[in-house]
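What follows is a set of notes on a single structure, which appears directly below.
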């Protein structure tokens with residue numbers, strides 16, 4: 001009767017599944033390994049004080065979360081795989097029912113306290129202490145996930161076609177090179193589980209082991225994150241609007257001077273470019289070491305628009321000149337009225353002036369003189385006077401002599417002489433009045449011709465500056481944006 005309970009317990013143990021026995025074996029193994037009498041997680045796992053513990057590191061990139069250009073911080077989600085050997089955690093698997101792998105909480109074993117040295121938020125260690133994987137030969141593998149914010153020096157020279165080299169520097173916080181040795185398990189970071197970024201392309205992720213020649217006890221492992229920006233976002237939202245706004249400045253030279261809106265268009269374009277320049281200053285870091293590429297382009301276009309404002313003032317000044325204020329020099333006529341229009345593909349419409357529109361003043365003077373000389377040579381009838389002068393005053397043919405003679409034949413001689421004298425005097429005064437009007441019209445024609453010449457000079461200057469602006473704008477844009485597109489960035493070499 002006394003052996004019955006013991007027999008029942010033995011039968012119950014035999015009927016249990018194998019995993020329960022295995023769980024009991026793992027529990028017993030953990031109790032044996034982590035017994036406080038034989039294991040202290042604060043002591044380095046070395047058989048002697050001079051023994052060097054080798055820590056093998058391997059970084060696996062999960063996600064490039066963001067790169068804050070203004071604060072110069074890179075945020076990444078990584079897994080930092082660490083491997084080392086702890087002889088105190090080795091066991092004979094045959095004594096524990098073939099258990100070869102044991103998972104132990106990380107805080108219960110010795111850790112090499114490897115931290116991110118160049119962190120930017122004060123978080124040096126990992127955020128989650130996952131279990132370590134311990135094998136029967138004493139090798140330990142720890143793969144903790146972490147979200148790191150690391151300091152990254154942003155090079156703004158080619159923004160937004162830039163390529164950055166941000167680093168993650170890992171080092172033990174309390175142990176130096178005489179106690180632990182950090183080595184790379186692979187020359188580059190692992191990207192098997194990487195989630196692509198919408199803003200950056202990963203160019204390369206080389207790792208290097210750095211030893212300070214001045215301090216042999218210093219050693220660290222550094223991973224270079226060589227990333228290249230995807231410029232589509234900034235091209236659509238910054239570069240193309242800037243180019244379109246700059247192209248509006250070209251219309252300033254094509255706009256007629258008489259419309260009065262040339263200066264308004266120039267100032268509007270300049271204000272728009274100033275707004276974009278202020279927008280850029282909110283994105284890039286406030287550094288004085290270099291000027292971003294988009295900033296250089298905006299400054300370049302602002303200089304061009306300022307130049308267009310100056311040229312517009314000059315063109316308007318030339319356009320509104322007149323003979324009463326300025327005299328056109330001969331070289332100006334030769335250069336801007338004859339030579340430059342040919343090279344600028346400009347053709348001035350010809351001025352068609354009808355010769356019968358108004359008699360020339362010299363002809364009127366000649367007619368008056370002839371009329372006076374005729375009266376001085378001898379008495380003449382009004383018919384002779386008509387025949388000599390009416391052709392110039394009135395296009396209607398003069399009255400024939402026979403009609404005039406028959407009209408005056410019945411008058412006395414003295415009356416005829418007095419009548420012809422008064423008629424000659426009235427006719428002379430009329431001719432002098434017509435001569436004055438002709439001279440005035442001729443003077444107005446000359447002044448108007450000079451004014452039209454000044455306006456054409458202004459058009460030539462406007463067209464000249466138009467070609468200069470277009471050529472400089474195209475060459476400047478290509479010179480600024482083409483080199484960064486074809487530039488090859490070499491990754492940093494380790495020491």
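Easy rule for this one: first residue shown is 1, then count along the chain.
The backbone N, Cα and C atoms fix where each Cβ goes, and this holds for glycine too.
What you see is a predicted model, and the numbers here were worked out from it, not measured in a lab.
Here the Cβ of residue 261 (Na(+) binding site) has 12 other Cβ atoms within 10 Å, regardless of which shown protein chain they belong to. Marked as Na(+) binding site by Swiss-Prot: 261.
DSSP assigns residue 166 (disulfide bond) to a strand. Taken from Swiss-Prot, the feature disulfide bond applies to 152-166.
Positions annotated as N-linked glycosylation site by Swiss-Prot: 35 (among others). Cβ neighbours of residue 35 (N-linked glycosylation site) (same chain, under 8 Å, six or more residues apart in sequence): none.
Taken from Swiss-Prot, the feature N-linked glycosylation site applies to 92 (among others), supported by sequence analysis. Its own atom aside, the Cβ of residue 92 (N-linked glycosylation site) has 7 Cβ atoms within 10 angstroms in the protein chains shown.
Positions annotated as N-linked glycosylation site by Swiss-Prot: 137 (among others). Sequence-distant contacts of residue 137 (N-linked glycosylation site), defined as residues of its own chain at least six apart whose C-beta falls under 8 angstroms from its C-beta, comprise 85, 90.
Annotation comment: Swiss-Prot describes 165 (among others) as N-linked glycosylation site.
Feature annotation from Swiss-Prot assigns signal peptide to 1-20; the stated evidence is sequence analysis.
The annotation site 'Key residue for a low dissociation (K(off)) from the conotoxin BuIA' is assigned in Swiss-Prot to 133 (among others) on the grounds of similarity to another entry. A strand conformation is recorded for residue 133 (site 'Key residue for a low dissociation (K(off)) from the conotoxin BuIA') in the three-state DSSP classification.
The C-beta environment of residue 141 (site 'Key residue for a low dissociation (K(off)) from the conotoxin BuIA'), restricted to residues of the same chain at least 6 apart in sequence and closer than 8 Å, consists of 81, 82, 83, 132, 133, 135. In the three-state DSSP assignment, the secondary structure recorded for residue 141 (site 'Key residue for a low dissociation (K(off)) from the conotoxin BuIA') is strand. Sequence annotations record features per position, and here Swiss-Prot assigns site 'Key residue for a low dissociation (K(off)) from the conotoxin BuIA' to 141 (among others) based on similarity to another entry.
Taken from Swiss-Prot, the feature topological domain 'Extracellular' applies to 21-235 (among others).
Sequence annotations record features per position, and here Swiss-Prot assigns topological domain 'Cytoplasmic' to 257-264 (among others) based on sequence analysis. Residue counts for the topological domain 'Cytoplasmic' (257-264) under DSSP, split into helix (H, G, I), strand (E, B) and coil, are 6 helix, 0 strand, 2 coil.
For 286-297 (among others), the entry in Swiss-Prot reads topological domain 'Extracellular', with the evidence type sequence analysis. The residues of the topological domain 'Extracellular' (286-297), classed with DSSP into helix (H, G, I), strand (E, B) and coil, number 5 helix, 0 strand, 7 coil.
Averaged across the topological domain 'Cytoplasmic' (319-463), pLDDT for the predicted model comes to 64. As annotated by Swiss-Prot, topological domain 'Cytoplasmic' applies to 319-463 (among others), with the evidence given as sequence analysis.
Look at Swiss-Prot and you will find 485-495 (among others) tagged as topological domain 'Extracellular'.
Under the heading transmembrane segment, Swiss-Prot lists 236-256 (among others). If one looks beyond the transmembrane segment (236-256) by at least 6 residues along the same chain, the residues whose Cβ comes under 8 Å of a Cβ in the stretch are 160, 262, 265-266, 268-269, 272-273, 276, 279-280, 294, 297-298, 301, 304-305, 308, 311-312, 462-463, 465-466, 469-470, 473, 477, 481.
Residues annotated as transmembrane segment in Swiss-Prot: 265-285 (among others).
Around residue 166 (disulfide bond), the same-chain residues at least 6 positions away in sequence with a Cβ under 8 Å from its Cβ are 67, 74, 150, 152, 153, 224, 225, 227. In terms of local Cβ density within 10 Å, 152 ranks first among the recorded positions 133, 152. Here the topological domain 'Extracellular' (286-297) has long-range neighbours at 70, 154-162, 234, 238-239, 242, 277, 280, 477, 480-481, 484, meaning same-chain residues at least 6 beyond its ends whose C-beta is under 8 angstroms from one of its own. A sphere of 10 angstroms centred on the C-beta of residue 165 (N-linked glycosylation site) encloses 17 other C-beta atoms.
In the three-state DSSP scheme, residue 152 (disulfide bond) falls into the coil class.
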